[in-house]
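J.: A single structure is presented below for examination.
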Amino acid sequence: MDVIQVDSGGDERLDFLAGDKKDPDKRRIVYRVDQRPPVCLTLLLALQNAVTTVGGIVFVANVLAPALCILPEDPARAYLLSTAIMVAGISTLLQTILGVRLPIMQSSGFVYISFTLPILNLEQWQCYSEVDLYSMGPEKRTLEWQLRVRYIQGAIISVGIVQMLLGYSGFVGKSLKYITPLTVVPTMCIIGLTVIERGVSLMSGNWSTALITILFLTFFSQYLRKVAIPLPFYSSSKGLFQVRLKIFALFSILLSVGIMWIACVYMTSNNNLLPTDPANTDSKSGVFHNSQIFRLPYPFQWGWPKFSLTSIMAMLPALFISIVESVGNFYTCAKIANLKTPPANVVNRGIGVQGISSILAGFLGIGSGVGVSSENVGNIGITQVCSRNVIVYAACLMILISPFTKLIALLVTLPDPVLGAVTSVLLVLITAVALSNLQFINLNSIRNMYILGMSMFFGLTLPKYFLSVSVNNSLINTKYEMMNNIISVYLSSGMLIGGLIGFVLDNTIPDDEDQKLNGDAYQAADNKVKKSIDNENDQIYSISDRLYEKINYLLTFFV
């Protein structure tokens, strides 16, 4: 973003360049973490971050709904989505204020959905045919999907409690030297590469619409990313001033989705799309018409959670993967923002808050846990706007719109090919953010290359082999059905296999003596630039003493 200086009616001049002339690395950041853009610009940037996050949540809701036996026109889709958006907003506020305090959005984690689906694919949770669901009637259909959500709620609450304890006990901070990029990269890459298959399946319904959406995204975010358009802004203290805004780079998702959505509505109204075409906007209109105008999500709205040992044990690996993913995102975001690596106590806070957020997600019932939005980290890397204030505004915006169910239902009607295209690009960003962690390790080391290759190979191939074999006969056949189900879920998770192999090999294979780093890779990379880091960066991660005293008082009161 190029921002210029203009007179505000007097001798005083406005300088919105966020860079530091003394530090060339900081000059490339448009707005640093502790800086506040003008209110109008903050609102626009917050809207962009909210749209990116909501896009991922809509995708998760669309994938989860059929597994929960929810029909396409059932307003339950809008209610689940509304709840998930509220949880994401609240979790983001908690993370930016009490957690790691980096400009990071929280969202319905792709990690958790990757374990929720295998649980719902178990024999006892298989859905009836669509004809049978229609014949049940609304009340019985509601009981069917709510029962499934309640079992997922119990698993998410249990995992959230463990994650909170691991964070606030300091266990995660002490384990950071064992969680290196060779664990983080395979885990995060496989998340993006496996979930992207579902995005491609949405695109396949109408490839022309999907590909045009991707072309718009590429054109706006890449080819026009340096085009700056002068726009007027007004400040009560400074008066009228002008900024040159790289609007295409900042709002590429908004522009692309808006153009294609309007195009689909136009083609639908002119009968240019068949009723069975996924790009037809009337195919999901039932959700919009059947939804309430306003509905405030509340705890245990689907009934009391049910705690099943099978569901809890099957969901437990999501805890390990979520922590690994979060650590990688924390370090990547800090690197993008030109901050030093988050200290161990800060990472502990972030993981602890994430556990609390997952407990909240379990109470409200979104069918998933809460994790760091990797696509938003990638979005920050593209826009170079690292302001924490923007993320806070985005979180508040999501909380405010979540009860307006009709508006949320409108998001559900987003054509599948457009949603699949946008989600695929966001998942590509997740993979790109994962690969950015390779900067912290020595890629000239044969040891590192071997570990990276083996973890990626087994993470991508072993689940496919297991699924192909288990179609005809059960590969896992112990005396206990519960154990069979748990192992089946584990073996179908590529991210668990890849991350676990990377973790074990990296911590057991000796380092190359001539290329050995002192300490963990993240800390070693941070030591190289420590001299260029100002002491003021420590204040970015710290919580004010007054707020900290209030938190301690509340915790003491409850204990």
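Every residue, even glycine, has its Cβ placed from backbone N, Cα and C.
Pulled these from TrEMBL:
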TRANSMEM  51-71  transmembrane segment
TRANSMEM  78-98  transmembrane segment
TRANSMEM  151-171  transmembrane segment
TRANSMEM  178-196  transmembrane segment
TRANSMEM  202-224  transmembrane segment
TRANSMEM  245-268  transmembrane segment
TRANSMEM  307-331  transmembrane segment
TRANSMEM  390-412  transmembrane segment
TRANSMEM  418-438  transmembrane segment
TRANSMEM  450-467  transmembrane segment
TRANSMEM  487-505  transmembrane segment
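Each of the listed features needs to be described in terms of its position in the shown structure.
T.: The list of residues near the transmembrane segment (78-98) in space but at least 6 beyond its ends in sequence, with Cβ under 8 angstroms from a Cβ of it, reads 53-54, 57-58, 60-61, 64-65, 70, 104-108, 149, 287-288, 291, 295, 297, 301, 349-350, 353-354, 356-357, 360-361, 364-368, 370, 373, 388, 391-392, 394-399, 401-403, 405, 408-409, 411-412, 543, 547, 551.
Only residues 6 or more beyond the boundaries of the transmembrane segment (151-171), in the same chain, are considered here, and those with a CB under 8 A from a CB of the stretch are 112, 116, 119-120, 125, 302, 305-308, 311-312, 314-316, 318-319, 322-323, 344-345, 348-363, 365, 367-369.
Through the fold, the transmembrane segment (178-196) approaches residues 110-111, 113-114, 321, 323-325, 327-328, 374, 423-424, 427-428, 430-431, 433-435, 437-438, 440-441, 448, 451-452, 455-456, 459-460, 463, 494-495, 498-499, 501-503, 505-507, 520-522 of its own chain, all at least 6 residues removed from its boundaries and within a Cβ separation under 8 Å.
With a threshold of 8 Å between CB atoms, the same-chain residues lying at least 6 positions outside the transmembrane segment (245-268) that come near it are 1-3, 41, 44-45, 47-48, 51-52, 55, 209, 212-213, 216-217, 220-221, 224-231, 279-282, 382-383, 385, 414-415, 418, 422.
Here the transmembrane segment (390-412) has Cβ contacts under 8 Å with residues 31, 37, 42-43, 45-47, 49-50, 53-54, 58, 61-62, 75, 77-79, 81-83, 85-86, 88-90, 92-93, 96-97, 103-105, 284, 287-288, 291-297 of the same chain, all six or more residues outside its ends.
Beyond the transmembrane segment (487-505), the same-chain residues lying 6 or more positions past its ends with a Cβ under 8 Å from any Cβ of the stretch are 111, 114-115, 118-119, 122, 178-179, 182-183, 185-187, 189-191, 193-194, 314, 317, 320-321, 324, 450-452, 454-456, 458-460, 462-463, 466-467, 470, 475-476, 478.
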J.: Which residues of the same chain, at least 6 past either end of the transmembrane segment (307-331), have a Cβ under 8 Å from a Cβ in it?
T.: 100, 102, 104, 109, 111-112, 114-116, 118-119, 122, 151-152, 154-159, 162-163, 166, 172, 176, 179, 181, 183-185, 187-188, 191, 341-342, 346-347, 350-351, 354, 369, 371-372, 374, 377, 433-434, 437, 440, 482, 485-486, 489-490, 493, 495-496, 499-500, 503, 522
J.: Grab the same-chain neighbours of the transmembrane segment (202-224) for me: Cβ-Cβ under 8 Å, and only residues 6 or more beyond its ends, written as numbers and ranges.
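T.: Counting only partners 6 or more residues beyond its ends, the transmembrane segment (202-224) has Cβ contacts under 8 Å with 59, 62, 248-249, 251-253, 255-257, 259-260, 263-264, 277-279, 382, 415-425.
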